[in-house]
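Worksheet for the structure shown next.
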Amino acid sequence: MADTLPPTDRSCDISQPLERLSPDEALKAGSEYLRGTIALGLLDRITSAVPGDDIKLMKFHGIYQQDDRDVRDERRRQKLEPAFQFMIRVRLPGGICTTERWLKISELACAHGNETLRMTTRQTFQFHWVLKHNIVPVIRGLHEVLLDTVAACGDDSRGVMATVNPQFPALQAELAALAKTVSDHVIPKTRGYHEIWYGEERIASSEPEEPFYGRTYMPRKFKIGFVIPPNNDIDIYAQDLGYIAIAGKDGKIAGFNIAIGGGMGRTDKVPHTYPRTASVIGFITPDRLISVTEAVMGVQRDYGNRADRSRARFKYTIDDKGLDWIKLAIEDRAGLLEPARPYHFTSNADIYGWVESDDGYHHFTLFVENGRLNRDTLDKIARIAHVHKGHFRLTPNQNLMIANVATADKPKIDALLVGSGLIAFNEHSVLRLNSMACVAFPTCGLAMADSERYLPTLITKIEGILTRYNLQDEPITLRMTGCPNGCSRPFIAEIGLTGRAPGKYNLYLGGGFHGQRLNRLYRENIGEAAILEALDEVLRHYATERLPDEHFGDFTIRAGIIREVTEGRFSND
């Protein structure tokens, strides 16, 4: 295979000895397929933390060690260790959640997660504030409803996303099933997870424990998603591997356009890191889905940078090797790709409220600001779950869909929504409905500034500006993160804010309305007053100078307010 490809630099990839690569590669190789000393660390009651190497390995199990950063300095003054706790992320392909699973997850969140639950931008749940001795009860509780946390984090294939669009129920169901098939295929196969968390015995076997990943897994995380045009709700161009469904004349999926190399993360003041939108390289029929997925991931596994983790994502492999070389490498493994087929996107937002699909079912999308569910909201949704005969869908915009409600059952669900006050989306501005924020403070160890806790307040102030210029009904996407890693995909928002320090943010403008274009830095390291001043000026021009139906991001480029980003590698210019 590889000997048919043009020569390429392999000085940083899996072909090199471990001593020439990042220390993380040796850690993975020596971990006994992600077992490490995790089981022993959980037994240590002297500390509420786990050993450093196990912190990294536990990510492959869907678990992050964190601490309460609001009290970190005070605990340091008192000579106490940080208030360690853990975030646990569920594997939930396509964001599909049965009512039984919802009730169990809600129960676990209230018992072990500080009575709060977070829906994420990748259509799954996160438990926060879980103490070390409660990790096993949470994971075993999930196992009771056949859920797990395998590969929700770590250098592997993360949770697989799929469009949530009730207007195409048959296509949506087909796509969700394919997302689960791919997810089940690409997760690590090590039995270490079962041994550590379920207490199973290790069984000797002559079969390879990780036939695809090997001992060192992927160079970095690898994200896969499926989308049905015209709604780009999953932000397909932010995926390492994106499948754009193309419908046939029979109403079924005829195949997929393949988009590769998307990714949001960057590091401030490090110009060789940058976000990138995925490149469409061809089309395949559904029967080739698994083989092509393996081929794309295999190319990144074998040629991705394992020496410098800041350059280890697939987007950098593509830009270093060249898109044509990468496509050749994929075709070398999986066969030739057909030319990409036409498609178009119109939005990446959710459709709120009730929608009736052509199969006669009804679906209600509930706005959940920044995906945060407190005890009161969990209890209200639990009452719906007890009577709902369909299922729930978590959306990529951190909202919740009550799916597949029969006409006869709609009045009952509607009464519960109205009676509980959950129907409130029409009370929010269009800007708020099109906003997202990551968790950031106080739990995320990477955060430099607030995000989830601050964005609602900032939006209220921006709403005043929009009203002043009669723009309150204009759909504008706004996303905020507490650091430049980009978990809420801020670099493709029309307005993006990324944290630099407490109360300070970088302001980005010019992203595409449906996630098709990166934005560019407009103001650096500024506080609230400067953010509002900058937005006031730009929105004032937008109000008077925009063309009919011109989106805000498009206007900022046409008006010369910001230069268009044509490729991610030029976004720092």
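A Cβ is built for glycine as well, from the same backbone N, Cα and C atoms used for every other residue.
Computed from a predicted structure; not experimentally measured.
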Further [4Fe-4S] cluster ligand in Swiss-Prot, beside Cys438, Cys483, Cys487, within candidate set Cys153, Cys444: Cys444
Sorted by sequence, non-Cys438, Cys444, Cys483, Cys487 residues with Cβ within 8 Å of centre, [4Fe-4S] cluster: Val439, Ala440, Leu446, Ala447, Ser451, Thr481, Gly482, Asn485, Gly486, Ser488
Greatest C-beta neighbour count within 10 angstroms, which of the binding-site residues Cys438, Cys483, Cys487: Cys438
